[in-house]
Every structure is written in C-alpha cells, then in structure tokens.
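Novice: Sharing a structure, written as structure tokens. Questions coming.
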Amino acid sequence: MSVTFKSLEAILEHYPPSPEHLISALQEVQARYNYIPSEALTAVCDHLGVPLSRGWAVATFYKAFSLEPKGEHEISVCLGTACHVRGGRNVYDKFRRELALPGEEGTTRDLKFTLRQVRCLGCCSMAPVAQVDDEVHGHLNQRKAGMLIKQYRAR
Amino acid sequence: MQIKTLEDLQAAKSLGLSQLYPDKPKILVGMATCGLAAGAQRVFDTLHKLAHQEHWNGVVEKTGCIGFCFKEPLVDIIQPGQPRLTYEQVNEEVATALFEEVAAGQIPEKHFMARLDVDDMVLNGGPRKLYKGKLKGFVAKAPRYEDLDFYKLQRHLAMRNCGFVDPDNILHYVARGGYFALYKALTEMTPEEVIDAVTKAGLRGRGGGGFPTGVKWASCRKAQGWPKYVLCNADEGDPGAYMDRSLIEGDPHSILEGMLIGAYAIGSSEGYIYVRAEYPLAVKTLQRAILAARNAGLLGENIFGTGFSFDIKINLGGGAFVCGEETALIASIEGFIGEPSPRPPYPAQAGLFGLPTVINNVETWANVPLIIAKGADWYREIGTEGSKGTKIFSLVGQVKNVGLVEVPMGTTLRQIIFDLGGGIPGGKEFKAVQTGGPSGGCIPQHFLDLPVDYDSLQEVGSIMGSGGMIVMDNSTCMVDVAKFFLDFLIDESCGKCIPCRLGLKRMREILEEISTGRGSLADLEELQSLSEAVKDGSLCALGGSAPNPVLTALRYFRNEYEAHILERRCPAAVCKELITYTINPELCNGCTACVRECPQGAITGEKKEPHRLNAALCIKCGACFEVCKFGAVEVS
C-alpha cells in the first residue's frame, strides 16, 4: 500500500498538534499501513511538533510498531509462562522452520506471513496458543502448527 | 436511558432485572476471549440463527467468563422458576440439540455441568433463589455449583457479575446493584469518608505491589495541583495472568464505577484507562461501556445532579511489559517511551503531566464499589490479618482444571492447586508453582500449605504479583524456566539502568552454559552475586525483582542445577543439549506417524515394523514425541 498524502492527512486530522498524541497517531498509522513508513513517521512528528529523534525512539521502543512492511497474515505465537511449560517453544520453532525464516522473527520473502513472539495472549487455559490475524488457536502442537500454515497459505 | 436520580437508578434496576431473569427462556453463551478461542462465536451464531428461524419466544445473549476455562465453550440455560443450568464443551452440534430440547420445553441432560440454585447478587440485597417449590427429575439430582471441586472454595466478589451480565448492557450491571455504590458515595459520603472506608477495609493494590489503596488516595487528595488524574492500569503484562482481561471483558462497568468513586474521593475530573492493545476484545468492551455510561449520564458533567463531573479516555498500550510499572505507564500516556523514573515524587504528588495522580489496577478498581456498598467492616471480615478481601488467580500450566479462581486471601496453595485445580494431570508429580510472573518465584512442594497472601509469599522469596499461578510438574526444568524468565526480562528491560540491562544478559549467558552442560559450581556463586547487584542497582520494580525467578530456583532447586553441572544431565529432560530421543522397539508398532512429522527425515523403518531414530540427524524438536500415541518415543 502506498503512502498517499491524502490518507495520512486524514489520520493526522484527528490529532491536535501536541506531543502527547504521538503514540496514538503512530498506532493509527500502523493500523492503516500495517507498518510505519518513514515518510509517515516524519509527517506525524512534524504535525505534532515532536523531534524526529523522539518519534524514532518511540517507534522502536514499543513492540506494536514495525518499521518494515508486515506479511499478509501475522502469526503471534504466545511464549508466556503457561505456554512455555506446555511446549510453546517447540511450537514456535516449528512455525519458524515451516516458514523458513532465517532469524528468530520476521516476514517471509513473499510477504505472506509475519511471525512474531508475544508474551502472553491471556488464553493460558488453552496453552500453547498462537494468534493468526484476529483468531486465537489453542491446544497447539507441532503437527497442528504445520496444518495452520497450510490452511492460511491456501486462503 | 438517562440516570440522574435515585428513582432513575431504581427504574433502570427493575428493567435490568427483567432482562437478566426474563419471564421466558434464555440461553447465555460465555463469550470472553477464552470462550471465543474455544469456538463460542460459532455456538452463539448457531443459537441465534435457530432462534430467528423458529421464531422462538426466548432470548439468546452473550456473557463474560465465569472462570471455568477448561470447560469452554459454556452455555447456560435460564428458564423461569428453574435453577440456572450450565452446559460444558458445547459446539455447534451440541448447541443445536440444546436449542431443540429447550424449545420443546425439555431439560437437556447431555453436556451438563452444574446447576446454580441461588444467584449471590452480592450487591443487590443478597442471594436470590432461582426456583420455587421442589425440583424434580434430572435437575433435582444434578450437581450444584457448590458441589464442584473447582467452585467449592471460591467466592466471586470482584468477579461478581462475570458470567451473569451481558457486558455491553449497562442495565444488567445496574440490576445487580451497580452504580448504587457511586450514588451512595456522591450523596451520602464526603470524599474523606470514602477514603477512610477504603483505608479501613484494608484494600491493597491487586496489581502486585500490594500498597494500601486508601493511603495512596489520601496522599493524592492532600497533594497540591490541579487537575488531578485517576488512572486504571490495564496493561496486564505478566505472562500467565489474565484476570484483568476477563474482568474487563465480563464486567467493564465495575471498573468504571470504581474509578468514578476514586475520582470523587481525590477530587479528579479526568481519568485514563491504559489497556493492552493485545486484548482487542477488552478494548472494544471498554469503549462500549464508556459510551453507555456517558449516554446514561453516569460519566460526564454533573453526575446524579451532584455537581461532580468525571470522564474517562482509553489509551492503548504499545506492547511493553515495563509500562505496567506506574511511572513508565505515565510516561507512555504522555507520549514518551516507557522508561520508569525515580520515586519520590510518587504519582500521588506528581504523576501524569506532573500533576497528582492515583493509579490502580483493574481488579483493585473492581473491588471499590463493594467496599462502599457493603461497608469496610463487611470487607474486613474476608481474608487474613494483613491481606483483606479476595484475590483472583489464573490457575494454569500443568494442572487439571485450568481457569480463573477467586478465593479469599489466605487460602493455601494446596487448596488452590489440588482441591480446586484437581492436581497434576497424567499421573505426574507436582514440582513447583510459579507466582508473581517474572518478578516472582517458583515455590516448591514443602510450602504447599502456605496461605496465599501478600506477606507469606514474600517470605518465601516470591510475590503475589497480579495473580498468575503457573503449576509445574516434573517435566519442567528449573534451569530452563529461569532461562525463560531472563529471556523475557532482557527483552522487556527498558535499558535505562545498567545492572538490569547488562546484568540480566550476563546471568542469561551463565544459565546457557549450565543448560548445555558446560557450567561449573562457581557459576552458581556468580549468579547469586549478580542477582544481588541487579536487585540493588535498578530503579524500578522490573529490575529490582528481576532476579527473583533465578534466586528462588537456586534456593529451592539447587540439586537440579548441580545435576546439569556435575552430571551433565537434565533431570526433567528439557535442555536440548543434554537429552537424546530414542525409539523403544518394544513399544513401537510402526504406525509411521513420527516419520511424517520428523522435519529431518531422521526416522526410518518399514510400516508395521519398529522404527529407528538416527541421532546424528535429530534436532531434538520433539515432534515425534508429541505425535506418538504409544509412548514409544523416549527422551532421556
């Protein structure tokens, strides 16, 4: 999705030019483009009267923000304590192998999937769990993780 | 409907009651996140569609989570003059069958869990018996909630409405006595009297710190500066804890009412709820509740015509654990990165935008209306000398009945894990229970009879925290758990204080050595001394309590560390460098399930013949172990 002047303008309109809106504005940008394009970061900072350095600090501090484009489906694998003691790490590794990601987290080359770790989705009773986009899948094991990827690949 | 007077409130209550217990049948579906993850939306849609198709003279409604997460999706059937009947593990097919029987005037027996004879209605004049006369047939013999092990010791006070009300319906909340405490505070009590009641009740912060709430309020009331702010900390970041999510999703108005009372007490007109963006349903539920309260005139200007005004904004968390720390949370609302700042000054003196601020967590706020409505003396009766009231725990991990439990303070660990939780599944042995998240510790077997309250848990090196209780059995490795928490904390450390930023990394390196069999006994001493340094040299609670998981592990499970170091052995068979997988030819029947799962092609063998695992190719992912139904894959 390209960053058009118009769509950004529409987001910035909601915010009075004051620094306290930095995080909310970035959240809206993130939701709109699925990441924070550098042009957008500059525009938000200019609009709110925040130095770019602070915008950058905030955008890299919080996990909710990504400076790189994300995949079509986002897989958040829970590595909270309950999931950990029920084998969440093995499930995570399975996702990583299946998506052939070089690093711990990241996006597949075809921009189909982004894999990331989260610390507790609050569904501990169904550990281990992973959330794909908005759907929570519980009681996972490595076999089910493989099936999930197949399912979403076919969508 | 505008609620401006006591008469309005009473009218809303009667209307709400007629919806809670209508004169026609009602089917309730538990639709908090845990229910939804188990498929509650499909169940709800099925029931809704059937009711519509059949022009059914009844109601299908959603509700929050009653805590029985291991039985989700849950469906309740409420018929006039009958106990409330709860059905467990309901899918679309079961839902269809349930509907057909109810529509035909019968009482379904399949998937039955328990019946509820009396609705506590703790804030509405006391218990309400749900049926008249004598019960007959199946229902008479059916188990009651009080008969269920999971429910026996529980007392739902903070969770008083969860699983009873539709969280999006403010009238339901009022019907169960909601907003009457606010009315009482505004019209019958001075702010000082409200603070005194909360102080006298002995309410302590449920977010983990356990600081006396009334003391905090009193100091904020006295502080100079205007405006003052009221904050709700809903940045529930402790892994393994989800009671706040459940409270918000099940009963958002109890939090709003608590904040309103707090605002009146300290003299504030503006509040914020800082809620995790990872909880989308909680965020939506809060937004709808705030809107409903505004429309009813319970948020905004001149509430109940008393001249008191208060409104609430929602702030979405950016996914940083440290923002659960109050000064970091405040920085985040102001639009900065979530770095804690030194205290004093405490937020009560100089908090949000440098102004006096009271900050309490979700569960604390939900307790406030109870204290005002029922009085401090009533509240003080519950709990122990130093810890009053109840606490919600999320009982998870290797335990049979996983879910949320709300018990009086002072209930023992054994009661919670074995009586309510049903003990350890699969015939395994209890090893430890982790409380307090990454700031807490692992408590071993010989402390099982410890009463759970703020002070007792601290004495054994852990903390109450926000209420996560993760049960571990003998398949959990204590070195691995310590590593897990350090990974978490390294990730979440904001990086401001050097001991926390670098000390935790070094501790992690030492644990890596130990878990790969390259550690020495001297490493244990270094871990100990580093722990002390991180504890003493960090500004906020994240760093100050970060070594707790390692320290308790060293204190109570030293032999397990020594096994890794001296025998190069992981007794729980978790640490990958120290284990091997093999296939027991006597148990393997050659079903080939493992062959299909093995990502390495390390397993070979003919169909219906015992298979073999090539250790040189094995990456120890455990996929074969998970998939083998015959216990033939062994790990040692």
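The backbone N, Cα and C atoms fix where each Cβ goes, and this holds for glycine too.
Under the heading [2Fe-2S] cluster binding site, TrEMBL lists A:Cys78, A:Cys83, A:Cys120, A:Cys124.
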Novice: Any same-chain residues 6+ apart from A:Cys124 ([2Fe-2S] cluster binding site) with CB under 8 Å of its CB? Would you list them in sequence order, or say none?
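Specialist: Residues satisfying the criterion: A:Gly80, A:Thr81, A:Ala82, A:Cys83.
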Novice: What kind of secondary structure is A:Cys120 ([2Fe-2S] cluster binding site) part of, going by DSSP in three states?
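Specialist: SS state of A:Cys120 ([2Fe-2S] cluster binding site) = coil.
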Novice: When you measure from the Cβ of A:Cys120 ([2Fe-2S] cluster binding site), which residues in the chain that are at least 6 apart have a Cβ under 8 Å away?
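Specialist: Listed in sequence order, they are A:Cys78, A:Gly80, A:Thr81, A:Ala82, A:Cys83.
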